[in-house]
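**Q** The Fe cation binding site annotation in Swiss-Prot covers Cys6, Cys9, Cys39, Cys42. Taken from Swiss-Prot, the feature domain 'Rubredoxin-like' covers 1-53, and the record attributes it to sequence analysis.
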Amino acid sequence: MQKYVCDICGYVYDPAVGDPDNGVAPGTAFADLPEDWVCPECGVSKDEFSPEA
């Protein structure tokens, strides 16, 4: 699955890991994240993420 990188702080969302601290289970694709999910490092929305090159 595609990893996504926060354009602001560089946090990498890895679908294989998810974001368990914020209730996102491993195996959750970026597109399937809740609309109100934000970067756990800097708090920006999903709109501020780009696919990892």
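Cβ coordinates come from backbone N, Cα and C, glycine included.
Because the structure is a prediction, the values reported are computed rather than measured.
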**Q** Who sits close to Cys6 (Fe cation binding site): which same-chain residues at least 6 apart have their Cβ under 8 Å from its Cβ?
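**A** For Cys6 (Fe cation binding site), the qualifying residues are Val12, Tyr13, Cys39, Glu41, Cys42, Val44, Glu48, Phe49.
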**Q** I need the neighbours of the Fe cation site defined by Cys6, Cys9, Cys39, Cys42. Which other residues of that chain put their C-beta within 8 angstroms of the C-beta centroid, in sequence order?
**A** Asp7, Ile8, Gly10, Tyr11, Pro40, Glu41, Gly43, Val44, Glu48
**Q** I'd like the per-state residue tally for the domain 'Rubredoxin-like' (1-53) from DSSP, helix first, then strand, then coil.
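**A** Tallied per class, the domain 'Rubredoxin-like' (1-53) gives 9 helix, 12 strand, 32 coil.
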**Q** Among the binding-site residues listed here, Cys9, Cys39, Cys42, which has the most company in the form of other Cβ atoms within 10 Å of its Cβ?
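**A** When each Cβ's neighbours within 10 Å are tallied, Cys39 tops the list.
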